[in-house]
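*Asks:* Below is one structure. I have some questions about it.
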Amino acid sequence: AAAAGDSAASDLLGDNILRSEDPPMSIDLTFHMLRNMIHMAKMEGEREQAQINRNLLDEV
């Protein structure tokens, strides 16, 4: 999943852009930032859940 996100980021940064050499539009950058924030929030939630799971297993 991370590779797909990296690919999207590369596309937005112009590494693998298929259209002309136009710079990324501001809406592209806005959605890129939004995707990054959602990804970071998901990772944080998974980290917190993993810690809760560890605590539960320690109690058993």
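Any Cβ shown, glycine's included, is placed from N, Cα and C.
Annotations per Swiss-Prot:
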COMPBIAS  1-14  compositional bias 'Low complexity'
MOD_RES   Val60  valine amide
REGION    1-22  region 'Disordered'
*Asks:* If you draw a 10 Å sphere on the Cβ of the residue listed as 'valine amide', how many other Cβ atoms land inside?
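*Replies:* Summing over all protein chains shown, the residue listed as 'valine amide' has 4 other Cβ atoms within 10 Å.
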*Asks:* For Val60 (valine amide), just give me the three-state DSSP call.
*Replies:* coil
